[in-house]
Each structure stands twice: as C-alpha cells, then as structure tokens.
Amino acid sequence: MVEVKVVPPKRNWIQTWWQSLNSLSRLLVIALAAPLVVLNAWALSAIFGYFESLFVILLIAAVLSFLLGYPVTWLERQGLKRGLAAIVVSLITILIFVAVGITLVPLVFTQAQQFVNRLPEWLDSGQRQLMQLDTKIDMMNLPIPISFDGVIAQFNSRLGAELQILAGRSVNLALNLTVFTVVRVLDVLLTIILTFYLLLHSPDIWRSIIQWLPKPVQQPFSLTLRLSFQNYFVGQVICATCMALGLVTAFLSIKVPFGLLFGLLIGTMALIPFGGTVGIVTVTALLALRDIGLALQVLAVAVVVQQIVENGIAPRILGSVTGLNPFWVLVSVLTGARVGGLLGVIVAVPMAVMIKEALEVIRQVTPEETKYGIIKPSLPLESESSSEVVSR
C-alpha cells in the first residue's frame, strides 16, 4: 500500500505577514497605506508634469524601438550584426515615412482644408434639415413635445461662440507657428536619435534595468512586459491599418465626400481602445449634417468593416490581447488620458496588463491542490517538489 504524504505549500513573505495580521491590523495597514499611495501618485504626477516633454520623447522613442526591434531581430537571425540591422531598419522606416509624407499627407491636408471651408455649408444644411423635420412634425400633428426652434437657436448661438474661439486660436497659432515648428523639429530629431540608440543598445539597457529586481521575478517580469506590449501595440497597429485601408476603399467606392480623410481619421483613432467606435460616430454625425441617407450608409459600411476587423482579423493576430475586462480597459484609458494625455491613453492598456500579471504572480501560492492550496493540473502528483511517496 502506498501512502502519499503531502508537504504544506510554501508561502512568500508577503502572504505570511498578511495572514499573521488580525482584521483590525489589516484595516489599520490599509488606512495607513492609502494616503501614502495617493501622495506618491501626486508626486509622480507633478514630476511627470515638470519633465513631460522629455518623458514624451523617451516614451515615443521606446515604443518605436520596441516595434522596430522585431525586424532588427529578424535581420540578426539572417546573419547581420545588430548595428548594421538597426541602420537598415532605420533607413527603411525613414524612407517609408518620407514617401507617405510626400504622397499621402498632401492629399489629406488638402481634403482637411476643403472640409473646413465647406463645414459652414454643412452646418446650414443641418439646420435646414432640422427645420424641415420640425415642419413635418407640425403638419402631421404628432404628439411630440419637442420644438426644434429652440434647438436651432441654441445651435446658432453656440456655433457663433465656437467660431469666435476658433478664430482667436487661429490667430494665436499663426503668431506662434514659427516657434512651434522649430521646437517640434528638434523634438522629432531627438526622437529619431534616441530611437536609433535604443535599437542598438536595448538588450543591454533592459538587462541593466531588470537587474534591480529580485532574481526570481526578473525573467517572468521581462516576459510579461514584452508580451503585453507586443500583443497590444503590434496588434493595434495591424488592426488600425486594416480598418483604415478597408474604410478608405469602401468610402471611395460609395463616393463619400472626403472619404480619404474620414477613413484615415477612423483608422488612426482605432489605435486607441474604443477610439474606432468614437471615430465612426463622429464621422456619421458630420455627414448627417449634409445628408442623413449618406450618413446611414457610412454608418452601416463602417460597422461592417469594424466587425470584420475586430471579429475576423484581430483574434487571429492578437489571440487574447489583454485578458482585461472591458470595464478595466476603459478605466485604464481614462486614467492614462488624465495622467499623460494622448500618450497616456496609448500606453495605458499594456501597463494595466502588466500590473494585472504582476499582481497574479504575487498572489500565487503553490501549484498543488491540497487542503492548503490549489493544484495545477499539468503537474503530476508524484512530483518530488510537492509530495513524497513512502512505501509500507
């Protein structure tokens, strides 16, 4: 007969210390820790605000070097040295951006100018449609207690105020355009230089960072962070590109005004969680000012393309991208927007995934299911790390 003697699971020091506290002590610890967390968050926010431009440049360079690291690694496997591979990838990337800037950007800029010039006509058309709808409702004697006269008057007053604000901002922008351009050119050059440097020395830099962590968590932390950013950024870029191409093609085929501009706008917003939906609603509302029938067509086409990308292409590329509940995705996006603006929105989700994975690693006890813990099915009962087999 064989008797299985189970060894009690080992707990880390955090769990041991927490289990040793009674209920009152735990409440006291939480009460003392909460103000410290808030104070640290405020201090980090103040530091980020002071060095915001530097952090933005570093973060953009880190994201670009992370994305460009995949072709660099592939070229290394083909036999090229990392320095030469980084130079080749950087030159190809710069050529692609220059080609897009020469061919696509002027077209988009021209359509944007035309859209701004025709926007007052669209607004007048929207007012006329509201007035016609109000007239039809009065003629049909429908019991609808809504009068569009007040809505139109309020719309006109708000529109005039917004146009005045926009005109003032345009004057300020014209006055500061030279300084803005010089500063942005310097930022772009600094970002390119930092990206190239990170491509060359990213393995050494990353090793020097994770060396500060305890050895047992260095490899899991590195793998979790890499997979989180890889799944999110690479997947979002591919899905947003597919959505932009699909929408531009569809909009041009049904002859949507400013189809290139609107398609690229929705595709760009799709880089952010829920951004694609917001972009579709915005474009539909703008087109509804001109023609409600065309707006409904655009809404139907955009929803179909979005569903194809999200349910057909995205699962094949991403698999389980985040493992986060949509509620926490929204919370992380809003938090990132509050802390870091647009850049905070971009990095919020992968950072939330990393925090989630880190918390799961911390709370993990043992892989075995005993009266003390939970079993991991992939491990056999005879494993020497969890049990001892004694023969009688």
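Glycine residues also receive a Cβ, built from the backbone N, Cα and C atoms like all the rest.
As given in TrEMBL:
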type	residues	note
TRANSMEM	27-48	transmembrane segment
TRANSMEM	54-72	transmembrane segment
TRANSMEM	84-109	transmembrane segment
TRANSMEM	173-200	transmembrane segment
TRANSMEM	232-254	transmembrane segment
TRANSMEM	260-285	transmembrane segment
TRANSMEM	292-309	transmembrane segment
TRANSMEM	329-353	transmembrane segment
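Among the stretches 84-109, 292-309, 329-353, the one making the largest number of Cβ pairs under 8 Å with the transmembrane segment (232-254) is 292-309. Three or more CB pairs closer than 8 A are found between the transmembrane segment (260-285) and the transmembrane segment (329-353), so contact between the two stretches is assigned (pairs 6 or more residues apart).
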